[in-house]
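Step one of this worksheet: look at the structure below.
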Amino acid sequence: MARRGWLRAPLRRGVDGGGPRARRLTRPLWLLLAVGVFGWTGASDGAGGEARAMDEEIVSEKQAEESHRQDSANLLIFILLLTLTILTIWLFKHRRARFLHETGLAMIYGLLVGLVLRYGIHVPSDVNNVTLSCEVQSSPTTLLVNVSGKFYEYTLKGEISSHELNNVQDNEMLRKVTFDPEVFFNILLPPIIFYAGYSLKRRHFFRNLGSILAYAFLGTAISCFVIGSIMYGCVTLMKVTGQLAGDFYFTDCLLFGAIVSATDPVTVLAIFHELQVDVELYALLFGESVLNDAVAIVLSSSIVAYQPAGDNSHTFDVTAMFKSIGIFLGIFSGSFAMGAATGVVTSYVTKFTKLREFQLLETGLFFLMSWSTFLLAEAWGFTGVVAVLFCGITQAHYTYNNLSTESQHRTKQLFELLNFLAENFIFSYMGLTLFTFQNHVFNPTFVVGAFIAIFLGRAANIYPLSLLLNLGRRSKIGSNFQHMMMFAGLRGAMAFALAIRDTATYARQMMFSTTLLIVFFTVWVFGGGTTAMLSCLHIRVGVDSDQEHLGIPESERRTTKAESAWLFRMWYNFDHNYLKPLLTHSGPPLTTTLPACCGPIARCLTSPQAYENQEQLKDDDSDLILNDGDISLTYGDSTVNTESASSVLKMPLIGNLPLGTMNWSFGEHAWFYLWMILNPP
């Protein structure tokens, strides 16, 4: 016991017997020990947090690298598709095979690749991917998730079926090869539509402009309502038989009618061009398809904008109908004005600057101004397709004359190349989409009804309008031409782009799937049968559009001119005397066509080249459109008409203008030289 007491005594002395001074010394030691312990603990936690952050960064870098590789592989797939298509096209042209066009080939290759991607490739699941489900009443486009105090942003990619929850990785791969619909509208469609307007043979286009406008505007509207009405009856039948799994209204049927009314006979026109088919038929079909796409997209926008007053937005309302008609007219006219204005601005820039001395800059400016027309119209709420189409026509009619020879060749070849690549890319993507799109809705009743509807809608467009147009035409549209136009009503890139732009609802998904089948069938069957149909209908081939009029008697040529241009004689007179000199270096100087009071403005707006060019060429596009005396040239107070060589030649007094300041644009008529011979100085 004594030992135990001794042992405890020093302890008591050390603690209790130290006094206040000992307690003051031991307190900092305890504090230092506590700080050290907590500091070590915090350091270990910080090191663990940094390690976790580093691990997350490494994982994210690996995911980004893997995503980059997959995106590169997806783009490589399309590049290889285009390469294979080009090589096969060469083989077909070498063998002179016309039973299948390049667009049909691109679709077949796309189908094969899509089949392999859908059923032949399986992506192993990633253990780092965890699928959590939570029930919400709506589908937000952006979702913020709080994970241990850190917020992560997730974006909506699309709807997946409940039985595909275990195939998230495969769905992600298929989603990777599915492009945003805006890619088609903003990148792929502009060069296709612009090239259609830029390469337009305006001479034959304006000869048949009345008929083309009737087919494009009135015919497309007739086709839209016929298809919409038939499909509404088909949808009603599906409701009765219980085949409809979602809402499908009459406005949806009209929208489907507008989508599939957009014809794209690129296959037929390519064969027409290769075989040199009768230029009248080519002009009618090409002109209708060019304007038809523009009308279809504006018509679809007007149908989407149909919003009657009241709770039910799908009932008929007269006010809403007239509002939609006003929207159609406003969008079309505004888009037309914007496209023409961009072309005018480009022509002014190329006219009053010396960009032609730097061909690369000139071509670059032309390209950017032309492409920006589409984006400008879309940004302002108009339709870029209409704007870029009329921009192309304006650029070809005015700006093209201001470009240097090298830039003229460059721009033609550049947009021809872009048009070729974009079209084949779209058609190969169509084949791919049949297997990679994850929300297809195929209904046999709807598909069969759609095929019947498009044939009846096309017939209601072509035959009645041709009958009415022939009442006022001396050069009748023959029955063989009408049958060929009926046969050539293929659906293509525009119908596909309009259908894929919105696939959010059940009705839109069914419309997209059916449109895809319609495009496949018309391109393969009708496009492949074009040559046989031309032979069956006894339509002329081997016709040179530039030499066609040489063998026509003069009296018949004059009759054709008088018939085909009666709406445009005043326009061409105004264009030749004022617009061409105002926007280009060709035509008579404005100092000779404008009144004397406008002299300062005329001298400012007339380029020096207009005075320097001694021999102005007659506008090729006015050939076979205007009679020889239809273009009247005004010089000061005198007016000169371009009479034929057999007419009585009268030379008005030109005043004191030196010959070097005048531009003559009379082509083959040498009346000025005859006047000089008959009236020597």
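Cβ coordinates are placed from backbone N, Cα and C, and glycine is handled just like the others.
The annotation signal peptide is assigned in TrEMBL to 1-43.
Among the features that TrEMBL reports, transmembrane segment is placed at 73-92 (among others). Counting residues 6+ beyond its ends, the transmembrane segment (73-92) has Cβ neighbours under 8 Å at 98, 100, 102, 105-106, 109-110, 113, 176-177, 421, 424-425, 428-429 in the same chain.
Residues annotated as domain 'Cation/H+ exchanger transmembrane' in TrEMBL: 85-535.
The annotation transmembrane segment is assigned in TrEMBL to 104-121 (among others). Distant neighbours of the transmembrane segment (104-121): 77, 81-82, 84-85, 88-89, 92, 173-174, 177, 267, 424-425, 427-436, 519-520, 523-524, 527-528; these residues of the same chain sit at least 6 beyond its ends, with a Cβ under 8 Å from one of its Cβ atoms.
Residues annotated as transmembrane segment in TrEMBL: 183-200 (among others).
Summarising the annotation, TrEMBL assigns transmembrane segment to 212-232 (among others).
Among the features that TrEMBL reports, transmembrane segment is placed at 327-349 (among others). Residues 294-295, 298-299, 301-302, 305, 355, 365-366, 369-370, 372-373, 376-377, 380-395, 398-399, 402, 583-584 of the same chain lie 6 or more positions beyond the ends of the transmembrane segment (327-349) yet place their CB under 8 Å from a CB of it.
Summarising the annotation, TrEMBL assigns transmembrane segment to 369-393 (among others).
Long-range contacts of the transmembrane segment (414-435) within the same chain: residues 78, 81-82, 85-86, 102-104, 106-115, 117-119, 177-179, 184, 188-189, 191-192, 194-196, 198-199, 266, 363, 367, 370, 492-493, 496-497, 500, 516, 519-520, 523, each at least 6 residues beyond the stretch ends and with a Cβ under 8 Å from a Cβ of the stretch. TrEMBL lists 414-435 (among others) with the feature transmembrane segment.
According to TrEMBL, the feature transmembrane segment maps to 447-469 (among others). Only residues 6 or more beyond the boundaries of the transmembrane segment (447-469), in the same chain, are considered here, and those with a CB under 8 A from a CB of the stretch are 210-211, 214-215, 218-220, 222-224, 226-227, 230-231, 233-234, 256-257, 260-261, 477, 481-482, 485-486, 489, 491, 514, 517-518, 521.
Same-chain residues lying 6 or more positions outside the transmembrane segment (481-500) and placing a CB less than 8 Å from one of its CB atoms are 103, 181, 184-185, 188-189, 192, 215, 258-260, 262-268, 278, 280-281, 284-285, 288, 293, 296-297, 300, 385, 423, 426-427, 430, 433, 454, 458-459, 461-463, 466, 508, 511-512, 515-516, 518-519, 522-523, 526-527, 529-530, 533-534, 537, 539. Residues annotated as transmembrane segment in TrEMBL: 481-500 (among others).
Residues 100-101, 103-104, 107, 245-249, 252, 255-256, 259-260, 267-268, 271, 427, 430, 433-434, 437, 439-443, 446-447, 450-451, 454, 487-492, 495-496, 499-500 of the same chain lie 6 or more positions beyond the ends of the transmembrane segment (506-527) yet place their CB under 8 Å from a CB of it. Under the heading transmembrane segment, TrEMBL lists 506-527 (among others).
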